[in-house]
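Engineer: Submitted below is the structure of interest, expressed as structure tokens.
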Amino acid sequence: MAVKVLVVDDSGFFRRRVSEILSADPTIQVVGTATNGKEAIDQALALKPDVITMDYEMPMMDGITAVRHIMQRCPTPVLMFSSLTHEGARVTLDALDAGAVDYLPKNFEDISRNPDKVKQMLCEKVHTISRSNRRLGSYARPAPVAAPVPASSPAPASSFASPAPARPAATARAAAPAASHSPAPKRKPYKLVAIGTSTGGPVALQRVLTQLPANFPAPIVLIQHMPAAFTKAFAERLDKLCRINVKEAEDGDMLRPGLALLAPGGKQMMIDGRGTVKILPGDERLNYKPCVDITFGSAAKSYGDKVLSVVLTGMGADGREGARLLKQGGSTVWAQDEASCVIYGMPMAIVKANLADAVYSLDDIGKHLVEACV
């Protein structure tokens with residue numbers, strides 16, 4: 001069956017061009033259009049589309065408000081269009097927090113002059129998020145930030161709710177989280193925590209990192225597939241929400257406990273044996289900039305068996321080969337479970353390759369990091 005799409009935008013030109021591009025794909029059907037957020041809610045309730053494309057700035061009701069209402073009344077995967085500016089990044093992150101699944105740059109020049117490029121990106125995104133867990137209501141909003149833990153005192157695992165046990169990788173798809181009785185992670189003197197993610201990652205990272213105490217003992221590196229204009233705004237957002245410090249990584253930054261470094265968009269991040277971050281130009285031969293495999297691979301080379309790596313929600317298989325190198329060196333690999341993923345792609349690649357030491361629900365990953373490292 002064709003993927004049913006509702007196109008929402010106050011620009012007649014953009015609404016028409018998006019509809020034309022999507023309709024040219026025989027596996028996609030545009031079932032309706034709307035010019036503002038209020039119309040979008042009404043059309044979503046009436047047409048029950050599989051995917052909604054949504055603009056932000058619209059009369060009567062903006063896109064973020066519309067997304068919040070839609071998620072409450074008829075949860076539907078939403079693809080936001082956003083500008084590639086710092087303000088556009090902030091708005092897009094707000095939309096993802098409200099429940100949108102993914103985003104695309106809103107570029108009138110591209111949609112006019114590069115229709116083939118836009119068609120490929122847009123149709124691929126629509127197909128991917130149509131298979132997301134958003135409609136099932138299995139991916140809730142971020143957990144509230146816990147009360148601060150004094151940095152001067154250790155944070156025992158008991159200061160958090162008792163974490164759910166791990167699920168064996170072989171049964172990750174079949175077993176429900178509550179049905180698992182596998183052991184919780186063992187403590188180990190990890191020198192680095194490395195987390196990679198893509199679609200659904202901004203909300204997932206927020207959920208994980210807000211559970212960590214200010215005195216978390218291991219340095220953290222974050223690899224999120226995201227454009228260059230977005231990563232600085234995302235790091236600033238996380239820094240305000242978390243008890244640990246978060247910043248966009250710069251060349252020469254030093255890893256240290258209580259600090260998470262986010263790989264800058266459009267570039268690659270590597271780590272050397274002295275704990276120094278190297279930021280390299282994005283290689284055009286690689287699909288992802290930043291690339292999880294690149295950072296994981298450098299961590300494997302520099303830290304041997306002292307890395308705790310986590311692969312969260314995301315499309316594709318980035319992170320699998322880097323995780324393979326980490327496993328070969330004796331390090332630990334965790335994957336997010338299918339039920340709590342927006343897109344079960346990257347974690348599935350880890351599980352199918354038999355690289356996962358444990359599979360955890362998103363709600364439990366932060367707690368388990370505390371248990372394993374603190």
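Heads up, the Cβ atoms here are built off N, Cα and C, so glycines get one too.
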Engineer: In Swiss-Prot, which of the ranges 15-57, 101-143, 144-186, 273-315 has the region 'Disordered' annotation?
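Structural biologist: Residues 144-186 are the ones Swiss-Prot records as region 'Disordered'.
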Engineer: Mind tallying the domain 'Response regulatory' (4-121) by DSSP state, helix then strand then coil?
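Structural biologist: Across the domain 'Response regulatory' (4-121), the residues distribute as 60 helix, 25 strand, 33 coil.
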Engineer: Between ASP318 (active site) and SER198 (active site), how many Å separate their Cα atoms?
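Structural biologist: Answer for this pair: 9 Å between alpha carbons.
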Engineer: Cα of SER198 (active site) to Cα of HIS225 (active site): how many Å, rounded?
Structural biologist: 5
Engineer: Work out how many Å separate HIS225 (active site) and ASP55 (4-aspartylphosphate) at their Cα atoms, rounded off.
Structural biologist: 21
